[in-house]
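As recorded in TrEMBL:
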| type | residues | note |
| --- | --- | --- |
| TRANSMEM | 6-29 | transmembrane segment |
| TRANSMEM | 182-205 | transmembrane segment |
| DOMAIN | 244-317 | domain 'PAS' |
| DOMAIN | 322-374 | domain 'PAC' |
| DOMAIN | 375-429 | domain 'PAS' |
| DOMAIN | 448-502 | domain 'PAC' |
| DOMAIN | 510-574 | domain 'PAS' |
| DOMAIN | 592-644 | domain 'PAC' |
| DOMAIN | 652-707 | domain 'PAS' |
| DOMAIN | 723-775 | domain 'PAC' |
| DOMAIN | 800-1018 | domain 'Histidine kinase' |
| DOMAIN | 1045-1162 | domain 'Response regulatory' |
| MOD_RES | ASP1095 | 4-aspartylphosphate |
Amino acid sequence: MKTSAKALVFLAGAVLSAVLVTTLAFWVFKQTEAAAAARAHTYTVISHANGLLSELKDAETGQRGYVLTGDETFLAPYTAVRGQVGGHLQELRQLILGDNAMATQQHLTTIAPLIEAQIAELAHVIELRRHTGMAAAVTAVASGEGKRWMDAIRSEMGGFINSEETALMQREAQFQAAMRRLFSIIIFSSLIMAVSATAFAYLIYRQTQQRLKHVTHLQTQHFLKVQENANKELAQLNAVLQSNEQKLAVTLNSIGDAVIATDTMARITLLNPVAEKLTAWTQATAIGRPIDEVFQIVNKTTRLAATIPVMAALEHGTVQGLANHTVLIAQDGNEYDIADSCAPIRDHDRQVIGAVLVFRDVTADYAVQQALHDSNALVQTILNTVLDGIITFHAEDGGIETVNPAAERIFGYTAAELIGQNFRVLLPEWAKEQSRICLNANGDRANSRMEPQYESVGQHKAGGSFPLEISLSEMQLDGQRYFTGILRDLTTRKQAEEELVKAGALQTAIFNSANFSSIATDAKGVIQIFNVGAERMLGYAAADVMNKITPADISDPQEVIARAKALSTELETTITPGFEALVFKASRGIEDIYELTYIRKDGSRFPAVVSVTALRDAQEAIIGYLLIGTDNTARKQVEEEQKKLDQRLRDQQFYTRSLIEANIDAIMTTDPAGIITDVNKQMEALTDCTRDELIGAPFKNFFTNPERAEAAINLVLNEKNVTNYELTARTRNGKETVVSYNATTFYDRDRNLQGVFAAARDVTERKLLDHALQETNIALELAKSVAEKANLAKSDFLSSMSHELRSPLNAILGFGQLIEAGKPSLTDSQKASIDQILQAGWYLLELINEILDLALIESGKVLMSPEPVSLAEVLGDCQLMIEPQAQKSGIRVTFPHFDSPCFVKADRTRVKQIFINLLSNAIKYNRVAGEVAVSYEVNAAQRVRISFRDTGQGLPEEKILQLFQPFNRLGQENGIEEGTGIGLVVSKRLVELMGGDIGVVSTVGVGSMFWVELNVTPEPHSVDGDNEPMAMAQPLLADDARLYTVLCVEDNPANLLLIATLLASRPDIRLLSARDGNRGVDIARHAQPDVILMDINLPGISGIMALEILSQDPLTSYIPVIALSANAMPRDIAKGLEAGFFRYLTKPIRVNEFMNTLDLALKLSKPPLRRIKVE
């Protein structure tokens, strides 16, 4: 019985423990549910806040889109947020809960007016765009007002979200703690159940053994009864255990972390719903699979496979953590940043029977960390950009800790020089001022006597002192007290204050001497100040009125009564006639300027314009009024005269309008710019437009040839009148009418030009008849004449253009080359500028040459020199010339290798010109890091095709058809690449003149291939001596004993200065100059120079005539004469060489070519028989 009683007690204790543990488990489970709900609620609040901020951003973006385009569809986000923002804020207020509700409510209270202000700013800009146009709206946007409101909203909303995220972290911690408690209780309850069952079975066994000794039958019956009871108890325990297992399953299914369990072979035995979601595997398909098949993780940065901690946990039996920056790749391809750990699962013998992997999605956490990093970077950026100096220093020893760039600029020190120094280095008076700061040791600002802001004197590194304003605040870092000082240089403000004092004195002088009345009163209206202008205007002395009367006493009483009545009606309040009526609006803060009749001391009256301003003290209380009046008599007289003149003008206009409308011609007037200012009915009929449509429109828009119509206006303005000027008017439906335009200028009374008065008479029928009679007779003759004149004009123009453009280019490129090669060496910025000058100059010269080439080709005067040309040599030359351009653009160019010689019948110079043009285009219009491949192929027809393939954007079919049209750049006119659109045209014509063909194959997005086909020719036989190198003249040494004389005959001062500058570096050369041909011949005869530099177009006689004179004179016939001319046409060069010039150099000259030619001429020059010294 004793043993039975013990068993019963033990059983009761076990049951009681089970009930207690179960109750505790339910309580913890409820806490877990509450924590999970709170966490989900916080996510909802953050989502609503981000949604509201996103809507405001969309509204702002839509507003800017509308400002730029005027398209109302952009305003849809703004319209939506304007009507819903209040509701969104109210929803956020209702969602807020928890300990931080007061702080977050404060954020929402602050945000509400900011959002209203932002919405108002958006509405203001939209209205500006609708009513005043884009310029005003863009100006309003550029003012930054909307950006400031939006930045404030972002700041406050960021604070709100930060508060909620802080609460989320707390609730997440509570949820995790509750989950751990629940798990611990489940494990603990399971252990208690197991121990209780084992102990209970043991007691039953002992009791059975004892009773078996006495009565076997009774013991057997009792054992069966006890066994039956035990079975019932075990059934109950199993039910409790199953309940706990179900609760564990519920817990695993409800927690926010993912859980994966494995056996000892790392095969999956369990996936909770979160793990199923993150891995995209279901538990049914994952069970039994290896962990690395389901749980695939990589390093976020390197994308290499990461180590799964399950293996280590099973092997070592210890908790394993994941590495940082680990990314889980789900079966469906989604990726998640994860974190947490893996632990072994042990049985009651502490043997590892598996592993549990617990992980969670930390993508949002990483985003928060990144946002925190960005926020810190923003704070640092702000500190680096503020204009005030910010310095942090230790409160005890004054050691400087941090310095921002503004402080460096203010004091002249670098941050490295200041950190660690005492604050007294910057503020010598700091020791005295510190005693006035006196913060207590605990930083209790409530008991502090710190002056938050005061003025002091700073010490600059250079030694000077300057006034500054300092604002101090205290902070605690790691238990240490620090001061943060914000310092502002007051030098400019102090100077401004001094100027303000001077300005105040000036204002006083203006007030006392101005030609207007200034009357100041007290709050009751009694006059306190009466300036000199008031005395002069009203006839009172200041002493007569000050402290005696009000301004109402010197005003027309009837007008004062009428004003009081009008204001009472306007403002819906009773206003007493008298001084109150004069200042009532000003007292309410309303701008008030009105007309009033003043009464002088002698009783005379005069009209005045009065401006009233209320004078207020610091508390905005009214302490008086200022009335400033001006005599309005003259303006009233002018207004009266103006009324009379206006009536006379209206009468005159009516008379003039009657005359204009009665005319049978279409009559109009325009301003000097050709904008129509008035028309009659006949003009409306001629153009089929209304008067309103015509007035304000350009006159030229209503004629078939706007340029000729505009020229008619200019002709009238220049010659004062024009008659029978023929134009063709066109109505909006296309009807054309030939008119005879007759016009004259008209002026105002001061002879200022007002515009053009014109009449247009319909001469369509007469014009058609004349045209029909003359058309047949003159068509052929006119066409021939036009063609001849056009060709002659084009040739003259091209010749003139070549000369006129090359002369200034000579100076530009010559001096540019001198500066580039001069000493001392250029700085990088100077070199870049010179490179731009030279690049632009050579490019302009290239354009001139291209235009001349095209003109020569079209006129049939181009000279070709066909000869056997080695294709390998030409392409090799092109490779050397084009590689610098390719390297600069990052383009790789490949050229073919020739296993055997290949010659073509062509002009060597022209072939190289064509190839360089195609290679240059392939580089210019290629993609970044693109390629250009040159290849060749000889076909059966004894022709060779040279191909230039690029990897550019390619050309569509419609642009290929326009490719070889002059001056057509295929839409690249506004691109960054230079060009004229004639390079390919010239290349095509040159290829055809050499009996070849040119073409292109292009694919959009892939690239283009231009090809040139030329006739193959046999390899020429070599001639002895052909390969001997030409001996180039070397520059004469500076220490050469002989002194050379060079005469430069040039009428352009810039070109003459260029030659002088070039030769200044040659001490062995003396330069003489002449400005015309005759003077040049005289100097050459007397000085007998070694070399003469001769321009062609000279005053007096030309350079060719001067050369002829010199060549016929025995004293000068031996002198080499080098032509320097801007006449660069091939016929000009040929003519010059035929005339006997030693060399013919075209402007702009190339410095190296010029110096080499000069040295060669000096070397070949014969010494004169005698020298005549010329001073």
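Using N, Cα and C of the backbone, Cβ positions are placed for all residues, glycine too.
For the domain 'Response regulatory' (1045-1162), the DSSP-based tally of helix, strand and coil residues reads 54 helix, 24 strand, 40 coil. Comparing 244-317, 375-429, 592-644, 652-707 for CB pairs under 8 angstroms to the domain 'PAC' (723-775), the maximum falls on 652-707.
Counting every protein chain shown, 27 other Cβ atoms lie within 10 Å of the Cβ of ASP1095 (4-aspartylphosphate). If you take every residue in the domain 'PAC' (322-374) and average the pLDDT, you get 82.
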